[in-house]
């Protein structure tokens, strides 16, 4: 992080200014190479925080069963309620974070990270299921609260042209932390048998470190990439015309080129909206924007057919009759692929268009469903293929959706916009879990997966249409250099 | 955020100080826990005497259980004289989290300390506690049983959700035939019928098997927030619900009664279970003289007496109470879990 900080904001901001104007300009490797320090710091904070939270997640079942002697069955009863509250908090958090002219993002994120940190010592103090459930709910609330403002800060710090990659870097760091957490917990339990108190205490210390890094090294008011790059990146009206004249070219380039046109509009729009007494944009007004509405619609539509990880692993295990010892390893497979592919796929999203990759990611998920349905008996190879597709799905959609949202939402309501899209997606996935469970009960797992696959194919087809229309009229779907 | 930003040196110093303080707390907590763990490896004065020695599963004069007393033989399966359960313990050297035996076949659910993570396995033991077969487990061990003849063994583990702060727990129960080594890895694949209607929900959980014979058994099945006592058939692969609100059933040696945990109305949600007995002929249930919360799959010492564990100073103690609802609970021995009596 020390190194990250040294790569100060000004150096990465310098490159776009040096770009030659015109549609053929190339942003130069420097802009691509340098991930903004704020993104690296936020990635570090996420990495540290995920180590902390996954340490607890890894030992929690054992702690409840072996140490407290509790029967954790029926623990998920309140999950629905917690999910609902978490969704509301997320929206409110996103909304609040847009106040304070950029400083709000950091403040809300600090509260979110802080809340989760405080839950760790609380876990040591409560010994009953309802109270432990409540602490976990607060922990999750903290996560809900911080996600949108954090993503807003990433999107504001990153160059619009390399936003996908910036989110990829962040998600990769985040996942690396998630993979390390259980290992740290394991080492602690090895040093101190049954030392759950040590695990929770160390987890707390790690979480506090994350908050301190956030407080110290993330600028309170994000130096916006857009503000740092005035004339050169903004397209002049004259240029817009030339570009506009060529909009009849092949679909892919058309999307990219029109990007530059619409950018001018957005700037004007944003300046208008950022007038001194400028109105803050409530959720309804945000959804009034066609691009936001369509993106949210697609995220919800696709979310409604995205079955939860647990169901996917459960189906995988049942269909392939995996040995029991494999089961705990399945999430690691997904995470490892996510970690490996987050950055490259983020960069690809920047080149071919974030919405396109977001859709492609869901096709990977569709292929995973297909493998679960196919009468194959590949054993280990099939498991690896499903997990690789599942991990690619996350790498192609998680950070990429945030980047695509950032394209559609003006800066001063970035937090709210991200919160709206993410909440829509989360709520849809939760509904999908309920529906999938019901379908399983009624028809069995094979038919339930088949229904999910058909639903996903339809949702992807509708989304492709919706997003294409957005693409034609929205800014920054892909970087300007792709126009050539 | 109106303060002027701190200089880089100041921020790095603050970071350094934070790392030192937090690192100190973390190391302190770990050393404290490590010290406590080391203490558990030293024999506690006043505890039961534990000496290593030869242990046989079908020894008619001894009862086996997991020794929880601190010292080098903690968690080992130990034998004690059946007429004096609090007497001296003979440690077998086999460590188990859960254990059961019948007619010389043992089932031991144990932790395997790996390089990167701990895993669990179920081990089928012969009369001299040597491994016959082992099976890797998908989660944390909770219940284990063997059929009266020793031919069929069953075990249950908890499997936790994998999401962030995942709170969705489920159980997985497996059955193995120790003659053919045929394994039914997940009893959820059996056909469950409630009131004669087939149920195939995603949320079915089965746990706590207790055997009538090598083929037939009782267990708890849960779906849609309700628990059922089910009668299972290993050959037909069926589970048929008999009664509601029954968890962790335990069949009496004469096959007429089921002891179980019943979730009672109005109890503390953390401690909702009381020890009940169900007469299988009349399906009439009756409370035992134990009024505390019991979270264990009880065992029958004989056709009239129940033995179960309650939390104690060393993890758990063994208690006993008559099965017919009379009498008061009595502690049999401290620092013990998972007993298996000879029938």
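Indices start at 1 and increase along the chain as displayed.
The backbone N, Cα and C atoms fix where each Cβ goes, glycine too.
A TrEMBL annotation is a machine prediction, not a hand-curated record.
Of the candidate ranges A:1-30, A:31-60, TrEMBL annotates residues A:1-30 with the feature region 'Disordered'. Per TrEMBL, the stretch carrying the note region 'Disordered' among A:218-238, A:239-259, A:260-280, A:281-301 is A:260-280.
Which of A:135-155, A:198-218 counts as transmembrane segment depends on TrEMBL, and there it is A:198-218. A Cβ distance under 8 Å defines the sequence-distant neighbours of the transmembrane segment (A:295-314), meaning residues of its chain 6+ beyond its ends; these are 287, 327, 330-331, 334, 355, 358, 362, 365, 368, 372, 386, 390, 401, 404-405, 408, 420-422, 424-429, 431-433, 435-437, 440, 445, 449, 452, 455-456, 458-460, 462-463, 466-467, 470.
When Cβ distances are compared across the two stretches, the transmembrane segment (A:198-218) makes contact with the transmembrane segment (A:172-192), since 3 or more pairs at least 6 residues apart fall below 8 angstroms. Long-range neighbours of the transmembrane segment (A:449-467) within the same chain, counting only residues 6 or more positions beyond its ends whose Cβ lies under 8 Å from a Cβ of the stretch, are 294-295, 297-298, 301-302, 304-307, 315, 355-356, 358-359, 362-363, 365-366, 369-370, 372-373, 432, 436, 439, 443.
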